[in-house]
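So the structure is just underneath, and the comments pick up after that.
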Amino acid sequence: MATNYIFVTGGVVSSLGKGIAAASLAAILEARGLNVTIMKLDPYINVDPGTMSPTQHGEVFVTQDGAETDLDLGHYERFIRTKMTKRNNFTTGKIYSEVLRKERRGDYLGATIQVIPHITNEIKDRVIAGAQGHDVVIVEVGGTVGDIESLPFLEALRQLAVQVGREHTLFMHLTLVPYIPTAGEVKTKPTQHSVKELLSIGIQPDVLICRSDRMIPPNERAKIALFCNVAERAVISLKDVNSIYQIPALLKSQGLDDFVCERFRLTCPEADLTEWEQVLYKQANPVGEVTIGMVGKYTELPDAYKSVNEALKHAGLTNRLSVSIKYIDSQDVETKGVEVLKGVDGILVPGGFGYRGVEGKIRTAQYARENKIPYLGICLGMQIALIEYARNVAGLTKANSSEFDKDCEQPVVALITEWQDAEGNTEVRTDESDLGGTMRLGAQQCHLVSGSHARELYGKETIEERHRHRYEVNNTLLPQIEKAGLKVTGLSADKKLVEIIEVPNHPWFVACQFHPEFTSTPRDGHPLFAGFVKAAYENHKKSVK
């Protein structure tokens with residue numbers, strides 16, 4: 001079967017939910033038995049989002065093969081079974097970097113390098129490479145139509161549609177249809193102008209996804225179809241919903257998947273959305289509730305912890321609980337004290353970088369340990385838990401990480417100088433290494449110690465989880481900390497790197513060096529998050545007695 005391409009663009013304003021719409025359509029097509037993948041093309045000049053501020057860009061999602069990518073790839077993996085790879089996300093910066101590398105190498109035989117054809121050809125080549133082996137590939141273009149940054153991508157997709165044939169391509173455009181209270185009606189003019197902008201660069205959309213706070217009336221959909229030269233059945237109303245997991249059913253109810261299959265002449269069974277119905281049922285019928293305190297430094301933008309937020313919700317589904325997240329700035333713990341932690345049923349310290357707010361996180365771990373509050377530490381959340389235990393229990397009063405104090409006398413956490421990547425190649429790092437693309441990244445095996453919380457939750461000896469860090473537990477000082485009672489319950493494949501620690505004589509205190517949030521899904525959840533939320537609920541029941 002030839003690969004079919006769905007190109008997703010957005011107009012009028014940003015943040016309309018192109019990623020969610022693309023992932024939801026992919027989920028329906030997957031439920032029809034098709035092999036689907038999704039790609040994200042980002043117009044910014046950064047090579048990848050690895051060094052971008054989380055408060056500007058949101059979280060960095062790490063793929064199985066170690067690519068640092070846009071957070072939308074997290075949505076893709078939560079909606080479909082296909083795992084994303086480095087092929088599923090690339091930026092303008094990465095495209096230009098590769099074209100310039102080829103030019104320096106002489107690949108273009110002295111040609112004058114131009115946006116057309118060299119940049120557009122590189123974009124097309126990457127899209128085609130990422131689509132290999134799939135029935136349908138959905139390609140989302142970041143940004144808004146009309147932005148100068150996205151023009152090379154749109155031109156490349158226009159060319160690709162001609163190259164592979166319009167019978168194998170479909171353009172889906174998301175647009176805003178605002179409701180004006182004073183007029184008492186929705187307005188279609190922004191959509192018409194957005195489509196006009198697309199037409200000016202040679203793209204005629206085949207499907208319009210109309211975002212609004214309400215369903216678009218049939219007469220307005222007919223008007224949009226007429227003025228935008230789109231079939232009326234291809235004008236889809238996408239209203240605001242309580243849960244993003246309602247969107248697959250909402251799109252299916254309007255026949256979007258049927259339209260796509262007919263367009264590509266695909267014969268496949270009806271979509272079975274039973275799993276999504278079960279997710280929604282659990283979400284709508286919780287048997288209890290818990291409040292999780294998330295202590296971090298990027299709390300002003302929840303998207304900075306997008307996968308953690310979603311993983312907590314998934315754990316709620318697994319336990320039939322409603323999970324409320326209380327965001328706590330770690331600097332507030334430093335300035336206002338542990339009073340800001342009162343009233344939560346469990347405490348989670350997610351990953352992060354840099355010194356700001358670290359002492360607040362260390363005090364948070366101490367508070368959770370001493371007050372028997374369920375604690376889950378992720379990446380930096382494990383490192384600060386280790387520092388706290390070393391200082392206050394193991395007698396290493398000057399314990400710290402060399403990330404925060406390069407002249408630390410007792411560096412219980414230090415820079416990884418050498419390790420093997422997924423392909424077995426030796427990676428070497430120093431303090432002088434670039435920040436971008438120089439971490440321990442991607443899926444790594446971990447061996448679990450029997451009798452531990454981790455082993456009980458996972459139910460197996462060897463697991464695989466994704467990493468994103470450049471500092472590790474210092475094995476030189478580890479024996480003294482273990483002697484004081486801390487349990488190392490997870491080790492890397494070569495048994496040299498600490499992956500999981502647990503505090504004994506505590507209801508639930510588990511911290512891991514990897515990022516379990518990246519593999520949590522609404523249908524399957526994740527063992528560590530499920531165990532953590534369950535323990536938080538047990539703590540909640542004690543507190544209300």
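Yeah, the Cβs are placed from backbone N, Cα and C, and that goes for glycine too.
Database features (Swiss-Prot):
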| type | residues | note |
| --- | --- | --- |
| REGION | 1-266 | region 'Amidoligase domain' |
| BINDING | SER14, LYS187, THR188, LYS189, PRO190, THR191, GLN192, LYS223 | UTP binding site |
| BINDING | SER14, ASP147, ILE148, GLU149, LYS187, THR188, LYS189, PRO190, THR191, GLN192, LYS223 | CTP binding site |
| BINDING | SER15, LEU16, GLY17, LYS18, GLY19, ILE20, ASP72, LYS239, ASP240, VAL241 | ATP binding site |
| BINDING | ASP72, GLU140 | Mg(2+) binding site |
| DOMAIN | 291-542 | domain 'Glutamine amidotransferase type-1' |
| BINDING | GLY352, LEU380, GLY381, MET382, GLN383, GLU403, ARG470 | L-glutamine binding site |
| ACT_SITE | HIS515 | active site |
| ACT_SITE | GLU517 | active site |
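Mapped onto this structure are the features recorded in Swiss-Prot.
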{"residue": "SER14", "record": "UTP binding site", "Cβ within 10 Å": "11"}
{"residue": "GLY19", "record": "ATP binding site", "Cβ within 10 Å": "25"}
{"residue": "GLU140", "record": "Mg(2+) binding site", "Cβ within 10 Å": "27"}
{"residue": "ILE148", "record": "CTP binding site", "Cβ within 10 Å": "8"}
{"residue": "LYS187", "record": "UTP binding site", "Cβ within 10 Å": "15"}
{"residue": "LYS189", "record": "UTP binding site", "Cβ within 10 Å": "11"}
{"residue": "GLN192", "record": "UTP binding site", "Cβ within 10 Å": "16"}
{"residue": "MET382", "record": "L-glutamine binding site", "Cβ within 10 Å": "27"}
{"residue": "GLN383", "record": "L-glutamine binding site", "Cβ within 10 Å": "31"}
{"residue": "GLU403", "record": "L-glutamine binding site", "Cβ within 10 Å": "20"}
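Shown in sequence order, VAL177, GLU220, LYS223, ILE224, PHE227 are the residues of the chain, 6+ apart in sequence, with a C-beta less than 8 angstroms from the C-beta of THR188 (UTP binding site). Cα distances from SER14 (UTP binding site) to the recorded positions ASP72, GLY352, HIS515 are smallest for ASP72.
In the predicted structure, the domain 'Glutamine amidotransferase type-1' (291-542) carries a mean pLDDT of 91. When the recorded positions LYS223, ARG470, HIS515 are scored by other C-beta atoms within 10 Å, HIS515 scores highest. Every protein chain considered, the tally of other Cβ atoms within 10 Å of the Cβ of THR191 (UTP binding site) stands at 28.
For the binding-site residues shown (ASP72, ASP240), fewest C-beta neighbours within 10 angstroms: ASP240. Ranking the binding-site residues GLY17, GLY352 by C-beta neighbours within 10 Å puts GLY352 at the top.
Neighbour counts were taken as the number of other C-beta atoms within 10 angstroms of each residue's C-beta; across the binding-site residues PRO190, GLY381, the minimum falls on PRO190.
In three-state terms derived from DSSP, ASP72 (ATP binding site) belongs to a helical segment. Note on LEU380 (L-glutamine binding site): other Cβ atoms within 10 Å of its Cβ, all shown chains, come to 25. GLU517 (active site) has a Cβ environment of 29 other Cβ atoms inside 10 Å. Within 10 Å of the Cβ of SER15 (ATP binding site) there are 9 other Cβ atoms, across all protein chains. Across the structure, LYS187 (UTP binding site) and GLN383 (L-glutamine binding site) place their CA atoms 52 angstrom apart. On a Cα basis, HIS515 (active site) lies 10 Å away from LEU380 (L-glutamine binding site).
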